[in-house]
Amino acid sequence: MLLLLVSVVAALALAAPAPRTQKKRMQVNQAPNVVLVASDSFDGRLTFQPGSQVVKLPFINFMRAHGTTFLNAYTNSPICCPSRAAMWSGLFTHLTESWNNFKGLDPNYTTWMDIMEKHGYQTQKFGKVDYTSGHHSISNRVEAWTRDVAFLLRQEGRPIINLIPDKNRRRVMTKDWQNTDKAIEWLRQVNYTKPFVLYLGLNLPHPYPSPSSGENFGSSTFHTSLYWLEKVAYDAIKIPKWLTLSQMHPVDFYSSYTKNCTGKFTENEIKNIRAFYYAMCAETDAMLGEIILALHKLDLLQKTIVIYTSDHGEMAMEHRQFYKMSMYEASVHVPLLMMGPGIKANLQVPSVVSLVDIYPTMLDIAGIALPPNLSGYSLLTLLSNASANEQAFKFHRPPWILSEFHGCNANASTYMLRTGQWKYIAYADGASVQPQLFDLSLDPDELTNIATEFPEITYSLDQKLRSIVNYPKVSASVHQYNKEQFIMWKQSVGQNYSNVIAHLRWHQDWQRDPRKYENAIQHWLTAHSSPLASSPTQSTSGSQPTLPQSTSG
């Protein structure tokens, strides 16, 4: 009975009139509260059919029923820090020069939360933020800086699973649960006479660290308990199709090799990795649920806009990879759901959107004028009354999104233009590495590159991409940045830099022939700068390269 009452109350509250219009800006004390929950590594395709059938996600389903789901939401860079830099700045990656997990925004950069605070909002952040420069391990930095070197070294542990055989163990990711508890306690203490904006960053469902003798543990363990694994429908798990190693795009082969995924995997191994990942997503959903339940108990749900998203997705063995760092759907397609006053219920939006849209949307919710030259666009015109505003939405924003990647585990800067049925992926200088073109309406698994089959479409999309970003120039800048940063680091550690590298994540491969790899680095350092992808010299195996119940426990 309680659940029915809660569902009815929430449904009525969430169908309330829009909190503002374009014609009249609200006073801050009339503005709604905002809660943004951002997880890590969550595949956005799990938030709608058919992906949502594989695992029970009751609170995401609640948001779907009482709010708006964006069916085609994308990260602007499929790796943690650059993606979050885009979300917090509202700018594309090449504009903030957030090239890798070490290089993000300046710590003093003015974010949307800073602006909302200046306009009277109470603000608070808990958990993983990760949008500023200077973080992550030495391994992560050196791997990104040396991706242009002509060698091939495994940088990650082979993906594995680890099960806690306890049907009652709900709190597996302890740190995330602790941050969720802190966020809820803050909600209990906040001054309700003023609007607030709360951010909760979760590390789940990012894979866990794996045992390693290197400087930094690789994060290749999919870890959960029997409690969460029972939320997964094993029969619904799809085993992804793989191209042979010789058929793979050269950048994909490099990524698969550095991620230690070119070896043999049984179908059972692949299915278990995917099942454990989905179980980790279920635990993530439960933390989102604790926030929603707390808002309800505090009589704040009908006054608060709740947003859920993620920095990027998770490959989970699609295209013979785990992690992200790729432009395939599993890596770049993120969840984006919103519910609250003025947001249409049970709406699915097919338009392409991306994380740079968070910045202008947050300010628009608060009735704050948007700064000029943002890369993103507010989503509110579409959310308040989709049928009336969809055409205006399309008129005011372009029908494409941009994603780019410049970090480790890929040996070329990568650029994705997503528009309509098409996904176009360009690399490096646009000439040295073959592009990719996928028709997602016919090839949702992205197994057939039709770039050469449809040269006119490929050319048109490439020209559009170049009108958005001069990607050959950006690639050259990243190449030069990588070289300069590596030289500075090499000088800082002295003549024994090879011994330092020998104890990073790629230590096992490096120690087999350190002289060979030192020579490759020296050749790279003395060669003329070029954004071209490297040609690995190491031989490899294979050819080429109602509100649900709480689950907090």
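Just so it is clear, glycine is given a Cβ too, placed from its N, Cα and C backbone atoms.
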From C80, C281, the one annotated by Swiss-Prot with D40, D311, H312 for Ca(2+): C80
Selected residue, Swiss-Prot feature N-linked glycosylation site, from candidates N373, N385: N373
Cβ neighbour count within 10 Å of D311 (Ca(2+) binding site): 30
Cβ-Cβ distance under 8 Å to C80 (active site, nucleophile), same chain, at least six residues away: D40, N101, D130, D311, H312
Additional residues surrounding Ca(2+), by Cβ distance to the D40, C80, D311, H312 centre under 8 Å: S41, T75, P78, I79, S83, R84, D130, H206, S310, K324
N108, N260, N411, N496 as glycosylation sites, winner by CB count within 10 A: N411
Candidate nearest N108 (N-linked glycosylation site) in space, where candidates are the glycosylation sites N191, N260, N373, N411, N496 and distance is Cα-Cα: N373
